[in-house]
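Chemist: Below: one structure in structure tokens.
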Amino acid sequence: MTYLLALDQGTSSSRSIVFDRGGRIRAMAQREFRQLYPQPGWVEHDPMEIWETQLATAREALAQAGLTASDIAAIGITNQRETTLLWERASGRPIANAIVWQDRRTEPLCARWREQGLADAVRDVTGLVIDPYFSASKIAWLLDHVPGARTRAERGELAFGTVDSWLLRQLTGGRVHATDTTNASRTMLFDIDRGAWSEPLLAALDIPRALLPAVQQSASHFGDTEPALLGHAVPVCGIAGDQQAALFGQAGFQAGLAKNTYGTGCFLLMHTGAQRQASTHGLITTAAAQVDSTAPRQYALEGSVFIGGAVVQWLRDGLHAIRGSGEVQALAESVPDAGGVVVVPAFTGLGAPYWRPEASGAIVGLTRGSTVAHIARAALESIAFQSAALLDAMSRDAVAAGGQPVSELRVDGGACVNDLLMQFQADLLGIPVVRPQVIETTALGAACLAGLGCGLYAGTDELAAQWQAERRFLPTMPRERAAERMARWERAVRQTVAP
């Protein structure tokens, strides 16, 4: 049994990937599921669709690999974080649809908590800010809007879980109600210093303790699957939220290692080791994957760009500049540079390190000679500019805490295959940008955690030696020129928030 099965449950689809012991992909299956928008600002998923698509892809991936469940050493789970489910403990029946991390319905409740002066306590205990993004307000909303839910929760009849807990419950036939440290750290209820649920916060936010799952380290034995599901019982030995799993899949095991996931948005995480670092630049302190119960707790700094690869979708669907996303690099490369054009894709405001929700998008520097190719190149460059500003903030936080600035950026996600973007990113940062051989790092991270949890791997040193780069993009732009480009970007950003 030298194969690992990663269940990668995302916001729009469920995927399953079979890895061999060397971290190579043997098979992959994927199924999309419905996005539900019952009211403006609301985003929901059907919990049973999440489960059914995930189980179907697991079976498909095994069949595609020509393997049976008895060939699998362990299962690892990685998941969209913060998305919230409540179900009946006895029957496993969900009492409502899952409220997705993107859902903003609980902003009035979060505003009330801020007015009550809870923001400092939440940041001190959890490392987070009070926001509908995280699970706590979603739990409270369900308790107050599903008839009888709060009373049943207080009696211990209901269970809360993020998506990993829900999948674990289904896989084990209801025997296990648990999560890992990384997912717990995204609920706004978890004390990341103590590694336990915060009783004072639970009381302040009026959330019953009886709802919550047990919390285990990310690489550990969570339980065994029901034999009938896959044809043989398989241990579940690894769980991590998607961004922490991606950092782990990038062999980000030590302080100072950083990764950027280029998806619809961009998610930048830097491992800070056993040191919890507070940010003065609008970043979030969160838990990194925990793999050794005898070692100190591990932490990370996290920041996100709202519009990353989505700017390419805008070029396609909004401007009709390209027919498909794969055309953007060729169009951008048809001109030597952006011709002074700067695109600031603040379509939904600006995230870290700016935190300007009122910002709106802008195209700056247009002249009579500007073409759609210049706009396409500027749009692509905007992904790198935003990531560079974020990494600069992260490095400043690291240095302020006595550490070192980031010296290398590991990249993954769909847009990392764009060589033009990756080279420009390296040029702006002045450090190597490294693309791994396996860019499915979220699933790989879950598989690696499962391999550690079941004893297939001896430790993270073995995994670090196994990680391989596909290409290193080295900076070629003079630093003075890079500074000029960043200064022009910052001037354009200021124009998007000008009164």
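Cβ coordinates are placed from backbone N, Cα and C, and glycine is handled just like the others.
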Chemist: With Thr11, Ser12, Ser13, Thr264, Gly309, Gln313 listed by Swiss-Prot as ATP-binding, which of these, Gly161, Gly173, Gly414, is given for the same site?
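Modeler: Of the residues offered, the record points to Gly414.
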Chemist: Figure out which of Tyr3, Tyr133, Tyr299 sits with Arg81, Glu82, Asp242, Gln243 in the glycerol site per Swiss-Prot.
Modeler: Tyr133
Chemist: Just to verify a number: CA distance, Arg81 (sn-glycerol 3-phosphate binding site) to Ser12 (ATP binding site), in angstrom, no decimals.
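Modeler: Arg81 (sn-glycerol 3-phosphate binding site) and Ser12 (ATP binding site) have their Cα atoms 13 Å apart.
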Chemist: Here are some binding-site residues: Gly309, Gly414. Which one has the most Cβ atoms within 10 Å of its Cβ?
Modeler: Gly309
Chemist: For Glu82 (sn-glycerol 3-phosphate binding site), name the DSSP secondary structure in the helix/strand/coil scheme.
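Modeler: Reduced to three states, the DSSP call for Glu82 (sn-glycerol 3-phosphate binding site) is coil.
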Chemist: Taking each of the binding-site residues Glu82, Asp242 in turn and counting other Cβ atoms within 10 Å of its Cβ, which one has the fewest?
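Modeler: Ranked by other Cβ atoms within 10 Å, the binding-site residues Glu82, Asp242 bottom out at Glu82.
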Chemist: Can you tell me the three-state DSSP label for Ser13 (ATP binding site)?
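Modeler: DSSP call for Ser13 (ATP binding site): strand.
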Chemist: Cα distance, Asp242 (sn-glycerol 3-phosphate binding site) to Arg15 (ADP binding site), nearest Å?
Modeler: 12
Chemist: Determine, to the nearest whole angstrom, how far the Cα atom of Thr264 (ATP binding site) is from the Cα atom of Gln243 (glycerol binding site).
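Modeler: Distance between the two Cα atoms comes out at 13 Å.
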